[in-house]
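Shown next, in structure tokens, is the structure this report addresses.
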Amino acid sequence: MRKRTEPATLEHERYAASDSSSSGSAAAALDADCRLKQNLRLAGKGPGEPRCAADAGMKRALGRRKGPWFRLRRIILCVLGLYIAIPFLIKLCPGIQAKLIFLNFVRVPYFIDLKKPQDQGLNHTCNYYLQPEEDVTIGVWHTIPTVWWKNAQGKDQMWYEDALASSHPIILYLHGNAGTRGGDHRVELYKVLSSLGYHVVTFDYRGWGDSTGTPSERGMTYDALHVFDWIKARSGDNPVYIWGHSLGTGVATNLVRRLCERETPPDALILESPFTNIREEAKSHPFSVIYRYFPGFDWFFLDPITSSGIKFANDENVKHISCPLLILHAEDDPVVPFQLGKKLYNIAAASRSFRDFKVQFIPFHSDLGYRHKYIYKSPELPRILREFLGKSEPEHQH
């Protein structure tokens with residue numbers, strides 16, 4: 001009995017022991033399984049994900065903080081490099097300076113047909129083409145006095161040419177750089193002068209507008225001389241005045257000096273917004289502000305102008321001009337500084353060549369807002385022209 005009980009007891013203990021060990025094994029297996037699943041979940045992102053994510057986030061934050069500064073620094077370096085390179089580029093290629101002075105490649109307003117001045121409100125204007133030289137053709141507009149506008153409708157070029165011999169005086173207008181003879185402010189001036197009873201003849205220099213050829217100071221002056229002679233051949237005894245604006249004042253004084261030297265001066269010279277010479281004007285121009293104190297400014301920027309044969313020496317020309325001179329300049333002119341016009345007047349007034357002719361300087365106060373090209377708006381302009389062009393006695397006045 002004891003023997004049977006003992007084996008049963010031992011069997012029971014072994015069963016209990018085996019059951020206990022199997023429970024421990026199951027728990028251990030369950031723990032291992034849980035750890036495996038956790039590791040598998042972590043393995044999906046990579047064992048180092050939390051640290052890498054934190055590092056990446058920190059780098060992105062730093063990138064956001066440093067990115068704009070790095071971009072700004074890169075932009076500053078590029079601008080600085082360009083700023084330094086431009087003077088050397090202009091020195092090596094003087095033709096760039098010539099293009100910047102003439103700006104003949106700038107056509108404003110765009111998309112207008114220069115063959116049709118009536119599209120600009122000039123319904124008493126004829127478009128011509130003249131040929132100063134064999135390979136050069138220039139476009140010309142001739143606006144007759146407003147009082148004749150009805151008679152002018154449907155008339156041809158010959159009628160307009162014959163009209164130059166009428167009793168109305170003639171103004172040869174020499175425009176400034178950029179744009180064409182159809183520029184807005186220029187057209188408005190033609191209308192004003194036409195309403196005052198003047199013929200207005202204007203043209204685009206070679207290389208401007210629809211005129212052929214390559215721009216140069218010599219060529220521009222020769223074009224003006226050709227048009228002047230063309231007018232004189234048709235105008236009889238009518239007075240012919242020359243009006244230059246901005247860069248056109250350089251062409252005007254070149255022309256009038258040559259006319260005076262050959263003893264065929266115009267009846268008067270009108271300079272609107274003039275400068276002394278192209279070097280001083282280039283140095284005073286707003287575009288030169290950022291380089292005005294650049295080391296070697298004259299050598300880099302002004303000498304290439306001279307080497308290109310561009311002088312427009314108004315200050316020298318007025319010493320050889322013998323005809324009445326009227327200078328108009330706005331105090332708030334941002335392109336040609338007022339003091340350059342006043343300086344030119346002082347040179348002319350002191351010149352012996354004007355001792356028998358009147359020289360007058362008319363300033364326009366800055367409050368009027370006429371700036372560089374709106375003097376035509378002045379209600380005083382008709383009176384100024386009438387009084388100046390109607391007198392003949394020598395006079396120097398401010």
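Cβ atoms here come from the backbone N, Cα and C positions, even for glycine.
Pulled from TrEMBL:
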COMPBIAS  1-16  compositional bias 'Basic and acidic residues'
REGION    1-24  region 'Disordered'
TRANSMEM  72-90  transmembrane segment
DOMAIN    169-274  domain 'AB hydrolase-1'
Report task. Could you give me the DSSP helix, strand and coil counts for the domain 'AB hydrolase-1' (169-274)? Result -> 46 helix, 21 strand, 39 coil
Report task. Pop the mean pLDDT for the domain 'AB hydrolase-1' (169-274) in here, whole number is fine. Result -> 97
